[in-house]
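**Q** One structure, pasted below without further comment.
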Amino acid sequence: RQRALLWAVLLAAWEAAWGQLRYSVPEEMPKGSFVGDVAKDLGLQLPDVSDGGIRIVSKGRTQYFALQEKAGHLVTARRIDREQLCERVQQCVLHCELVLEGEMKFYGIEVEIRDINDNAPSFREEKIELRMSETTIPGARFPLARAHDPDSGRNSLQSYELSGDEHFSLAVQAGPGGDQRPELVLAKALDREEAAFHELVLRASDGGDPALTATARIRVTVVDANDNAPVFSQSEYTVRVPEDVPVGATLVSLTASDADEGLNGHVKYSYQTVSVKASDLFQLDADTGEITLMHNLDFEEGNSYELEVQVRDGGDLSDVVKVVITVTDVNDNAPEISVRSALSEISEDAPTGTVVALLHVEDRDSGANGEVRCSLDGDVPFQLRTSQSSYYSVVTARELDREQVSEYNVTVWAADGGSPPLQSSAVLALRVLDVNDNAPVFAQERYSARLAENNLAGALVLTVLATDADWGQNARVRYRLSEGRVRGAPLSSYVSVQAETGALYALRSLDYEEVRELWLWVLAEDGGAPALSSNVSVRLLIVDENDNAPQV
């Protein structure tokens, strides 16, 4: 047991290195049962990973597994019935994926569902009525109804036993698929005058520990001679039907003939062996032998059905034929787009090739109907990259500019190869975040103003205006004067600029006879980090007034 556990750990580690984990769990385990330690097998640091988002995605519509995020354990999300999931499949494997949203990674996981002996064999009918002519020759064989056990391997049907009468023995034949077919063998000649009825018990056992069994009671009625058995017109019936064939349609008509006359030549049709699923889908008319459809077919749920039909005449002679119904695919499923992970915001300076979304595309149809092609709608700065296992990445194809386009609604289209093709779409909403890549721009290349001398201190001279194409704090503009000197005094003692509005004020009364013009520079700076700036020149002309009398 320790060696087996060591091999399992080594196998899980080897598989994890290649991005694929495999586990095994018996069926019928309660919800929350441990399947495997995915965090350990993948070498994940759980606290760091869980902050970015981690989840389990099952293929198909039913979620069979879940993730215990604190422990990193893969557990069952519901009770799993192997026979319901994998009818007629020897190895039952479920697939799911571990998606790390923050890292844009995924890992495939395969979980084998092991069979347990939770189903006993069962006969379709617990009482079997047979009629045999008293002239039947010893050694004659009569096919019996087979027991059905949905379990697999050793837990499936293994043996038959017959008890009750020395006139009969049991022979078991192997069918084409290795299945056991019981036959009742007449070991001793019948005499209706001695015994008109014979009571037998047929027991079916599986190979479980302990073994489960089922019994069917056989009543053989001895009748007068019927020397011709009915015979089917074909040794095997094969029919192909599309999955969209309407309910009530006749799929195949079986024909059997009997050379006898009267009651011995009148035949009835019945199922010899049929699965529960097939019996719900197909109805057999006992009088005409027509097989009609009772419910809609679905290629994705079942593409082939095998039936065994028995025809029996009034003297209880019979023949058995195999009917194979093959369902062909019709393009009735549109592609399904699942957004495994996506960004809602991206910086405008993100490099080309940045992944903004991870998509999974699947079409449940087969062949060309299941082949999917994906594309992006419109002229957008994004492109699709194909990944493995039907995954696509949406990446930036060129540099983004928030000042041109601040938001994108990227439509992803998926179309299959059917005729006509079916398609579906998904919309990714993405907001472009601003980067401080634009400096303030003044409304004029230069400014000038005229101010009469003897002005009042604090008089408004002019207002400069600069705008910034960025957003938010990056677009907030503040103004200030460049340092300078006038007649030995600081420029800031003559004029000032309001930081928020760009209004330029005279701080003192100016005298034309002292200062006839002022040259200054106003600097506009945004709120980015680092900040961007620009400047503009301002010329202030002082206008003379007649404020001086002539002097002799």
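Note that the numbers count up from 1, one per residue, in the order the chain is shown.
The backbone N, Cα and C atoms fix where each Cβ goes, and this holds for glycine too.
If you look up TrEMBL, you'll see 1-19 marked as signal peptide. What TrEMBL lists as domain 'Cadherin' is 24-123, 124-232, 233-337, 345-442, 443-552.
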**Q** Kindly say whether the domain 'Cadherin' (345-442) and the domain 'Cadherin' (124-232) touch, using the definition of 3 or more Cβ pairs under 8 Å where each pair is 6 or more positions apart.
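**A** The domain 'Cadherin' (124-232) and the domain 'Cadherin' (345-442): touching, no.
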**Q** Kindly report the helix/strand/coil residue split of the domain 'Cadherin' (24-123) according to DSSP, in that order.
**A** 16 helix, 40 strand, 44 coil
**Q** Express the predicted model's confidence over the domain 'Cadherin' (24-123) as a mean pLDDT, rounded to an integer.
**A** 86
**Q** Helix, strand, coil residue numbers for the domain 'Cadherin' (124-232) per DSSP?
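**A** Computed counts for the domain 'Cadherin' (124-232) are 3 helix, 56 strand, 50 coil.
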**Q** List the helix, strand and coil residue totals of the domain 'Cadherin' (345-442) as derived from DSSP.
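**A** Across the domain 'Cadherin' (345-442), DSSP assigns the residues as follows: 4 helix, 50 strand, 44 coil.
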